[in-house]
Amino acid sequence: MEPSPLELPVDAVRRIAAELNCDPTDERVALRLDEEDKLSHFRNCFYIPKMRDLPSIDLSLVSEDDDAIYFLGNSLGLQPKMVRTYLEEELDKWAKMGAYGHDVGKRPWIVGDESIVSLMKDIVGAHEKEIALMNALTINLHLLLLSFFKPTPKRHKILLEAKAFPSDHYAIESQIQLHGLDVEKSMRMVKPREGEETLRMEDILEVIEEEGDSIAVILFSGLHFYTGQLFNIPAITKAGHAKGCFVGFDLAHAVGNVELRLHDWGVDFACWCSYKYLNSGAGGLAGAFVHEKHAHTVKPALVGWFGHDLSTRFNMDNKLQLIPGANGFRISNPPILLVCSLHASLEVFQQATMTALRRKSILLTGYLEYMLKHYHSKDNTENKGPIVNIITPSRAEERGCQLTLTFSIPKKSVFKELEKRGVVCDKREPDGIRVAPVPLYNSFHDVYKFIRLLTSILDSSERS
């Protein structure tokens, strides 16, 4: 029976349990969800780490040939199997023809980045000419802020969320200092209310309305790295524009995780990395977006050879013919080996589509949430053991695939025991463990096994 597009995860779980005449927490529910999953075959496009290869594993607790339970795609995505093939293609080309590789093959090196932009446009919801694939995320953020942050005595602030990812915080702080401004006065952070972990949308909009005339740039995460909160990008953009602000986003934890419509939402600029949900490998090629409305008005503050139009680039006359829009921000030759790894992943996304992946993700993370609450919620009167609290918003439209968990016992001991059993997740200060079932390669049975292991760990801690 095909689930309704509007069916809530909890309803889907209960529906299947009723069909199977079993409890919603039964393993058969997870197996049926996997049977109904039309995206399950994409798992075969990735290398899944084996238990025996994990550094913290206790082989007395697991079968060494089993797949790990990999819930860390929010930090580093798994390797697409085609990466090695694409890398070898370019290494062979280099070995066999040297510099001729710049101009021939399916990825001519001189336009290597441009050869895969078409695969990125639907993931971020942008036109090809609005996207540049280059550098690393924070470098791109600096380049964009140099062009969009033009403070005046009246409009000099950058607005961001409190406890933004440190690299964003440092970048904004240093940009403010670069202009000789006082960080205390020009760096405006929106904080959660007392006793709350996440930001309320009304509080963000209130700050924009009340202080917008003094804000030059609003720069938020699309999705917060710690709490997993997905911000309302179109609403923030609309509110910022109403007050005359430029609005940009760091999409590190949003790209490849949730559906984006950067062009339609009118976002001024954005940047992202590609090694998390986009599976391009550590330090993979990052991306930048500049809305086409700024193509001829907002120009890069720093330029290089690859911002010059290719048709006249080799005239060598030192007369800059700047490419309008995002591609004008490119400075240097694209790193073709990084292009290869990103290419391998983006092809999988093109086949799966973000719409289908997001639909599965809502159900997958919803199933995880249901199971956590069933066994370990403080609201479950039958739960006499340690409590698991989910600080990530419960509404699907306010989160991606990640849930951030806190515990009534020290997280360090929980994390260590999970590692021993082949669960790959991470801990983040002050007290969270981040768990991210990724729809491209994680299964509902992964979630079921994780819950079984976590329950066993918590039960053991209670007995000891």
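The backbone N, Cα and C atoms fix where each Cβ goes, and this holds for glycine too.
Since this is a predicted model, take the numbers as computed values, not measurements.
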Binding-site annotation, Swiss-Prot, pyridoxal 5'-phosphate: partner of Leu137, Thr138, Phe165, Pro166, Ser167, Asp168, Ser221, Asp250, His253, Tyr275, Trp305 in Asn333, Asn380, Asn383: Asn333
Distance in Å spanning the most remote Cα pair of Leu137, Thr138, Phe165, Pro166, Ser167, Asp168, Ser221, Asp250, His253, Tyr275, Trp305, Asn333, given for pyridoxal 5'-phosphate: 31
Sequence-distant neighbours of Phe165 (pyridoxal 5'-phosphate binding site) in its chain (C-beta under 8 A, six or more apart): Ser221, Phe225, Asp250, Ala252
Among Ser167, Ser221, the most crowded of the binding-site residues [Cβ within 10 Å]: Ser221
Residue among recorded positions His253, Lys276 with least C-beta crowding, 10 angstrom cut-off: Lys276
Neighbour tally for Leu137 (pyridoxal 5'-phosphate binding site), based on other Cβ positions within 10 Å of its Cβ: 23
C-alpha spacing of Lys276 (N6-(pyridoxal phosphate)lysine) relative to Ser167 (pyridoxal 5'-phosphate binding site), in angstrom: 16
Rounded to the nearest Å - Cα separation of Trp305 (pyridoxal 5'-phosphate binding site) and Lys276 (N6-(pyridoxal phosphate)lysine): 29
